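Take a look at the structure below.
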Amino acid sequence: MNLEFIGIFVLWLFLFGYVMVASIDFGAGFFNAYVTLTGKQHILSKIIQRYLSPVWEVTNVFLVFFFVGIVGFFPRTAYYYGTTLLVPVSIAIILLAIRGSYYAFTTYGGLKHKRYTYMYGLTGLFIPASLSIVLTISEGGFVTNETPGPALNYWDLFTSPLTWSIVVLSLTAVLFISAVFLTWYAHEAKDEHATNLLRRYALIWAGPMILTASGIVVELHAHNPEHYARLMDVWWLFILSVALFIGTVYLLWKRQAYGTAFGLLTGQFFLAFFGYGIAHYPYLLYPYLTIYDSFTNEAMAIALIIAFVAGLGLLLPSLYLLLRLFLFNKEYVQGKRNDHT
Amino acid sequence: MGNEEAVYFSRGLTELTLSFHIIFATIGVGIPLMIMIAQWVGIKKQDEHYILLARRWTRGFVITVAVGVVTGTAIGLQLSLLWPNFMQLAGNVIALPLFMEVFAFFFEAIFLGIYLYTWDRFENQKKHMLLLIPVAAGASFSAVFITIVNSFMNSPRGFDIVNGQLVNINPILAMFNPAMPTKVTHVLATSYMTAAFLLAAIGAYRLVKGSNHVYHKKGLFLTMKMGLLFSIITAILGDFSGKYLAEYQPEKLAAAEWHFETEEGAPLMMYGVLDNGEVKYALTIPFGLSILAHSNPKAEVIGLNEFAEDEIPPLYIHYLFDTMVTIGMLMIGISFVFLLGFWRRWRFVLTKSFLWIVVFGGPLSFLAIEAGWWLAEVGRQPWILRGIMRTSEAATTSGQVDTMLLLFAGLYLILGIGSMVVLTRMFRKNTVEQELADRASDKAGETV
Ligand code: HDD
Ligand code: HEM
Ligand code: HEM
């Protein structure tokens, strides 16, 4: 195993972490807005608030970790992606900023108004959409190397079916992941109404999610045959992933073992995410950047890996404490304790 | 848009984002320490007032953290979006502290979540206070790591350039560059100082507005003590920063002091105006600059005549330096007089007019922070990496920076107004008197 590989593996793992926790967060915001609109907020809002409150800042750090890490391990990505992504990423930052601050303003500052609930819900859909554009661009074909520097071709980007399939996948996945997790959480909280409602949402979004995911494989066949061929080399990962998906849906359908259902779902996304990543290897941006030609020097790579291991030694116990106090604490989950400052 | 414009707007956007972020970052670094001190005093003296101080500060702090987090995320991404060439080069050498900073954030974020939601959860109050240590440490370490990155930009070390290639890279040496000790400590001390004076200003404001509760007096006394301590440390470390500059970045010091010719026994000039290269109306302290630069009134200080025309930073940084130093001295004076008066029971320190001065001390400290950073950053120009890469070579080639500048300006306006509105509402609705009464009745309820 070489250093380049360790670097990209660690980053991909954290990106996966971000995709999961952020999906729960974005979806929760959307469902919260949706039930407010349809007048059912008494069923869901409490559950969602209780889960989100202590963890929202942690979600953001996963993202920061990823983008700081990728510039650290692969400094040349700063050049290509930095130059081309100014507009889409700036839009994502602005949405993230509005979302994060207004979350704090409403939750801690008592700025209660339905307007904010709706805004919060909508940003939860726009952010994954704008961030997922980065994945599309990485497939190549949208960036050209011109005289002052690389540039993004917006017309091609926004008329490509691949772009829109990835956007739709990001939305359906967000809603599916979030609904499955919250079903489990509501069940733990012994809140039957919320569990039923969320279970319904999960089942509704399961179909569109798996359909769009399969659609992308087809799109890739046309857009980037090289990536498609490599995807087919690891076909068994995707088959396993689909099997886990079926398991999740089955458990939800049978109203059994919601915790296991969420575990299966995590496995499903893990396999698909890594299958996709392995097939993308070694490219960071087709055809300009691979993990080898953009890699940092050896001294820095080793220093970063040491820092990473030391950092994990600090983080894992603290994350465990956070989960134990809030996620797995029966009294807190069931709303018997609050203790907020 | 030509690339010159891209450079121009990238500068503008970086200046804007950092100047906004630093307000919340300073609060983020300084306030946890103050909360910790108040809570500790409260537990030790078994005094409900100090505990409530800690509790109310924490509530306000959550709002500022949120804005700090989102603007920090913005600047983190903007470094790559606006300065891709710089990040590509610097990433090879200085990525380590940036990466470590993320772990500090992580640590802080996790424990802040726990701290917020566990008031009253523990029998033993000390346990709850212990949870604040990782929050304060995480915040201070973020400042340490990011300031290390900035000090690297001022005195790049830990690599060689051979035929345009980076070789012999040593990330540890890059971190421990000559600018690092003074910069890191000065930034930390100023954050603590500013946080103390901010909280003092809030307490003083309440007293001015007619509340006569001893709660506010205790808070004011505590924070002014902290303010005096850290402003003295700040001034001492500021002096060391001047000595660092004299040794490693003489052009910055010379520009800040309008010191045009190398000379021995150089005077220190404050204020004044520049008229065709002549300094007029300045307050001159004989031998002052030689003392600031080398602790020796006779020492030689390098002047701007030793540098090429296009390597001299803009001369207006003189006023930034003056602003910072004046405010620093003023705050030492104010807090000293206040404390002396408080001990000696001089009436006038609790009169409205003196309290108003304390109220203005809060915003003034923030002004000093801004002035200090502008001095440090503009004084590094034209370099982004001193002596190695010019700012004009580092910027993006994208054509949409001007639009983004407008968008972000709008964002910061919304965030600024939003946080002000929320913070004032939060404390107006929930007065100290009310809260003390509520807590007393809660306690009575528990024992029945
Ligand atoms: C409350 C804020 C505050 C106050 C009262 C002072 N400073 Fe300061 N100063 C800063 C806030 C600051 C800062 C924001 O923290 C800076 C900007 C960048 C940095 O490294 O620290 C800074 C930079 C800075 C620099 C430039 C360092 C560099 O560019 O590498 C010097 C020479 C001084 N300071 C010196 C002083 C002196 C002699 C002071 C006398 C009282 C003083 N400062 C008070
Ligand atoms: C938070 C406090 C800071 C403030 C208020 C601040 C302020 C500024 C200002 C005013 C400029 C523009 C100078 C000019 O072009 O005339 C600038 C430039 C810049 N600063 Fe800082 N800075 C801060 C900290 C940092 C840190 C910690 C870093 C490094 C990680 C950094 C990186 C940069 C970069 C990349 C530029 C652009 C190049 C340039 O114009 O010099 N800044 N900053
Ligand atoms: C170029 C310079 C800077 C960058 C790239 C940067 C980056 C960031 C990022 C990404 C965050 C959000 C972290 C999260 O998600 O929790 C953040 C927050 C923070 N930053 Fe900055 N930062 C810069 C300058 C500074 C400076 C100069 C200081 C201190 C003097 C500072 C202190 C903090 C603190 C304490 C927080 C935590 C939020 C809070 O408690 O308010 N940052 N910064």
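Every residue gets a Cβ built from N, Cα and C, even glycine.
Listed features, source TrEMBL:
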- A:6-34: transmembrane segment (TRANSMEM)
- A:55-74: transmembrane segment (TRANSMEM)
- A:80-98: transmembrane segment (TRANSMEM)
- A:118-142: transmembrane segment (TRANSMEM)
- A:162-186: transmembrane segment (TRANSMEM)
- A:198-222: transmembrane segment (TRANSMEM)
- A:234-253: transmembrane segment (TRANSMEM)
- A:260-279: transmembrane segment (TRANSMEM)
- A:299-327: transmembrane segment (TRANSMEM)
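The stretch in closest packing with the transmembrane segment (A:80-98), judged by the count of Cβ pairs under 8 Å and taken from A:55-74, A:118-142, A:162-186, A:198-222, A:260-279, is A:118-142. The highest tally of CB pairs under 8 A with the transmembrane segment (A:55-74), across A:198-222, A:234-253, A:299-327, is held by A:299-327. The stretch in A:118-142, A:162-186, A:260-279 that contributes the largest number of Cβ pairs under 8 Å to the transmembrane segment (A:234-253) is A:260-279.
Counting only same-chain residues 6+ beyond the ends of the transmembrane segment (A:162-186), those with a CB under 8 A from a CB of the stretch are 19-20, 23-28, 30-31, 47-48, 51, 124-125, 128-129, 131-133, 135-136, 139, 194-195, 198-199, 201-202, 204-206, 208-209, 212-213, 215-216, 219-220, 222-223, 248, 252, 258-259, 261-262, 265, 269, 327, 333. If you look at the transmembrane segment (A:260-279), the same-chain residues 6 or more away from its ends with a CB under 8 A from one of its CBs are 8, 12, 16, 19-20, 173, 176-177, 180-181, 183-184, 213, 227, 230-231, 233-234, 237-238, 240-242, 244-245, 247-248, 251-252.
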